[in-house]
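Since the structure comes first, as structure tokens, the remarks are kept for the end.
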Amino acid sequence: MKNLKMFFFKILFISLMVALSMKGSGINLEDLQNFFHHNLETITLLSFPLLFLLTIYMLSRPKPVYLVDFSCYLPPSHLKVSVKTLMEHARRAREAGVCWKNKENDYLIEFQQKILERSGLGQETCIPEGLQCFPLQQGMAASRKETAEVIFGALDNLFRNSGVKPGEIGILVVNSSTFNPTPSLASMIVNKYKLRDNIKSLNLGGMGCSAGVIAIDVAKGLLQVHRNTYAIVVSTENITQNLYLGKNKSMLVTNCLFRVGGAAILLSNRSRDRARAKYELLHTVRIHTGSDDRSFECATQEEDEDGIIGVTLTKNLPMVAARTLKINISTLGPLVLPMKEKLAFFVTFLKKKYFRPELKNYTPDFKLAFEHFCIHAGGRALIDELEKNLKLSPLHVEASRMTLHRFGNTSSSSIWYELAYTEAKGRMKEGDRIWQIALGSGFKCNSSVWVALRNVKPSVHNPWEDCMDRYPAEIDI
């Protein structure tokens, strides 16, 4: 609608300028009116192609996608656990015969403690109730309970803050990588909020920590087809069912990093929602290198030698992640970088290919394209590597480090806790551009780019509002 108004304004302006120029050149406007009057039929016929092309443009152009609001789940305080408490739980589990039953397996507990101490996680991350009791409750009921509390907690707050009623939602996209019961999580939401019968719902599973951006991209595509509607994206992961109790060290790493969390995002393609929306979606870039065996196998859910299910992380993971990230950056760069950076990249590429093969690849300065970076809080090493490779400052990665410290790795929802952190700090100004980037099994690297439509204030019950005075926290490196 805005583009259409601008088009007609330009036509009016040009017509006025033509009329004034004709008047100044001595051309009789009355004669011109008579000409149009006697040749109306011809002019009408000639205008049909223009109107046809204008109609095609208006119908085929991408519809803007607005982020009206989003909400991150804040776990209750009784779920918080310190590193010391986690280690006590592990020792109690061994003494109770739940896992690592023999004394000689104490090295596994020590291994996890070392990982935790170096992980960048703080003393207030949360694990579900089913993993804080003995015997452990890892069944379907406990897993459903955790996921329901996370999803409904985020959605209740989102509906309350936005004022949108559940019956107005036309599209629902849910992603959870390893917990996919029947009926699906999407069906669970439809049942809870009594969503309408013709809702377009999808449930994405097995897509790892990058699935949150995939869900946004899927919702964007559906919003191009279905007019004047709202879409909700829900990103979460289940911890209860995925605690690994075996002896494989590579599988124990996930126990140390993943924590309870989830987010719900409200999108709209209605032009009238622009006035109250926080952001507009500019780009989504999805890269999937799963055709390569090393990429496909670097993070795999499987059974260990004792038949216990866990997620194996191979030694190829850093190399695969770097390669997939490079492809994503090279795809995103031309869409967002200023011309100077594009030219520098192109010149370096030509020099390296034809004249100096030893020349290092040129890394564009993405700080010229974005004011804020939401890097998936997958772990300290991931954040360190991206900070180094993209030549970012500590301030640029502050949201990612603090999210890892306060909430741990909440999988696909971590990029939303980071955006909430930036809002809570009062740093989001009108026109600011945000780059959300996430990596996940498969192997995938996905990006979404947003622009702030106003000076964004944190929504009610922002997950950081009870602790913002303590952040940024000092983290031992």
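Glycine is treated like the rest: Cβ placed from N, Cα and C.
The annotation signal peptide is assigned in TrEMBL to 1-26.
Feature annotation from TrEMBL assigns domain 'FAE' to 58-353.
Look at TrEMBL and you will find Cys209 (among others) tagged as active site.
For His288 (among others), the entry in TrEMBL reads active site.
If you look up TrEMBL, you'll see 371-450 marked as domain 'Beta-ketoacyl-[acyl-carrier-protein] synthase III C-terminal'.
Sequence annotations record features per position, and here TrEMBL assigns active site to His372 (among others). Within the same chain, residues at least six positions away from His372 (active site) with a Cβ under 8 Å of its Cβ are His396, Ala399, Leu419, Thr422, Arg427, Met428, Asp432, Arg433, Ile434, Trp435.
Over all protein chains present, the Cβ of His376 (active site) has 30 other Cβ atoms lying within 10 Å. Per TrEMBL, active site is recorded for His376 (among others).
Spatially close to His405 (active site) yet at least six residues away along the chain are Gly120, Leu121, Gly122, Ala473, Ile475, judged by Cβ distances under 8 angstroms. Taken from TrEMBL, the feature active site covers His405 (among others).
Taking all protein chains in view, 25 other C-beta atoms sit within 10 angstroms of the C-beta of Asn409 (active site). What TrEMBL records for Asn409 (among others) is active site.
His288 (active site) has a Cβ environment of 18 other Cβ atoms inside 10 Å.
For Cys209 (active site), the same-chain residues that are 6 or more apart in sequence and have a Cβ closer than 8 Å to its Cβ are Ser177, His376, Gly378, Asn409, Ser411, Ser412, Ser414, Ala438, Leu439, Gly440, Ser441. Averaged over the domain 'Beta-ketoacyl-[acyl-carrier-protein] synthase III C-terminal' (371-450), the predicted model has a pLDDT of 96.
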